[in-house]
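Asker: Shown below is the structure under consideration.
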Amino acid sequence: MKRRPTKHQTTCPCQTRPIQYGDFLCKGEIGDLNQVAMAQDGDGSSNPTQTPYEAALEALSSLITKRSRADKSNKGDRFDLLFDYLKILELEEPISQMKIIHVAGTKGKGSTCTFAESILRNCGFRTGLFTSPHLIDIRERFRLDGVDISEEKFLEYFWWCFDRLKEKANDDIPMPTFFRFLALLAFKIFAGEKVDVAILEVGLGGKFDATNVVQAPVVCGISSLGYDHMEILGYTLGAIAGEKAGIFKHGVPALTVPQPDEAMRVLEEKASQLDVPLQTVPPLDANLLNGLKLGLEGEHQYVNAGLAVALCSTWLQRTGHFDVTYPENTTSLPEQFIKGLTATVSLQGRAQIVPDHYINNESPGDLTFYLDGAHSPESMEICARWFSLSTKEDSQEKTLDSSTSHNFVHRHPDVKAKTNSQILLFNCMSVRDPELLLPNLMKTCASHGVYFKKALFVPNISVYHKVGSHSIPPTDTQVDLSWQFSLQRVWENLMGNKGGDDKIPDTVSEELRDDVEMAVNSCENSAVFSSLPSAIKWLRDSVRHNQSVRFQVLVTGSLHLVGDVLRLVKK
């Protein structure tokens, strides 16, 4: 496979004009606020040098359509075109030979796939994992043996596919849209790398998802179902379940987790029509881990882990790998399975705890981000429960370890013990209903005795028409904050009508009473910031000005927001 010629590495539209606020920065500039300034010269002009990787991301961005995924008039999104693309890329035969695990669902499908990949990797197989979305780098979507594909390999496969498709593109067979190109690229990568098992997470729905060109997977899985993407999949659980069950193939075993009755009836009906053996898998028994904890945080992960174990067991049986021990009962797990579930599994942005590296050097542990990309009512409850339990657990550990523990304070009465302040950092897409998301979050946290001192609403840094890293933070005058003001109104109304007997302690917001100078609009319980970096700066300043307070920040509502925060707070 030949490397992309140099001439293709200089076609970037952004080279013809100065970088504007709202543009995307390239991959090399992610992750640090100071690097934003480095992207501009003194006169505001852009650096004309573009790396091969940046050129690929620019080409990939050209495939992003502003049309809705549900818009049937978008020719590049017609499902039947995928089979034309497979012919062009010579993928029909390689896909038919792949040993595939295919997983759909509303919640937990990414975690299930990640657990399954880790298990089979520990069983000695070469693994390929395709998931979405990415949080920081597009290469996160393609893992080989548990590691993001290298930049060099990504470029080789990317340009091979892109050039082939571009050469054949015409009015009848246009270039594929963004996600469909990525799915095709995943198949090409896994074929070229000769993986033993390809684990595919459905992007959206199932029936018309790009991954569903697979005709004969080894086994299919359906994770927990709920309400999401209703404008595309339907407004009932039955309709949503029907779309997810679109990945079922005749006679291929399918596994699912306990589902709401309406959803389960549809899954069973679809399975019956295709002679699919459908089995419901219970959550994993924590006792099977021999005292270890799952590698992914949250009680809900035991549901996903149980499904992953069943998928891997079925895959091993159906591919004839009888030399590998797999669980034939529910009383024990092989060592490879336990290691895969606990020690070698990782997934960013789902129940992830990250101390702020910037403030950690000055005041360790005083600013910690709890990140979870929950964006549906059901996942918001799960996220709130995880955050509540995790902050209490972390607070207890820090109280025991801190020099300001009870005994120290008793000996030094002039030193105050640190208190914990919970902050919400939130945004969601405008297709979501904050009247469903925010009440679930607040009520679940309150039921665990956790109350937010302040809610911060920000626009995402990432934009949806570019791939790469993140855009330069927009100025106050150029960013539309109307959606953030809507979120703030919902929150303030909730705080004004807490309902029932829920009582907010009198100490709430005591350390945050001062006006938030950097905020566009600050109310008693919330603030809207014009950019994420300004909100992060305010949090860091608050830590410095409140030495007796430890800030625990829940970041949720959007995986895009979670990815943006990770870029800014990780080293």
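Placed from the backbone N, Cα and C atoms, the Cβ positions cover glycine too.
Okay, these came from TrEMBL:
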BINDING   SER132, GLU201, HIS229  Mg(2+) binding site
BINDING   ARG350, ASP372  ATP binding site
Asker: Reported as an integer number of Å, what is the Cα distance between SER132 (Mg(2+) binding site) and ARG350 (ATP binding site)?
Answerer: 13
Asker: How many other Cβ atoms are found within 10 Å of the Cβ atom of SER132 (Mg(2+) binding site), counting all protein chains shown?
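Answerer: So the Cβ neighbour count for SER132 (Mg(2+) binding site) comes to 18.
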Asker: Other residues with Cβ within 8 Å of the Cβ centroid of SER132, GLU201, HIS229 at the Mg(2+) site?
Answerer: LYS109, GLY110, THR131, PRO133, VAL202, GLY203, LEU204, ASP209
Asker: Do you know offhand how many angstrom separate HIS229 (Mg(2+) binding site) and ASP372 (ATP binding site) by C-alpha?
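Answerer: Just about 18 Å between their Cα atoms.
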Asker: HIS229, ARG350: which of these binding-site residues has the highest Cβ count within 10 Å of its own Cβ?
Answerer: ARG350
Asker: Across all the protein chains here, work out how many other Cβ atoms are within 10 Å of the Cβ of ASP372 (ATP binding site).
Answerer: 26
Asker: Looking only at C-alpha atoms, tell me how far ARG350 (ATP binding site) is from GLU201 (Mg(2+) binding site), rounded to the nearest Å.
Answerer: 15
Asker: Provide, as an integer number of angstrom, the distance between the C-alpha atoms of ASP372 (ATP binding site) and GLU201 (Mg(2+) binding site).
Answerer: 18
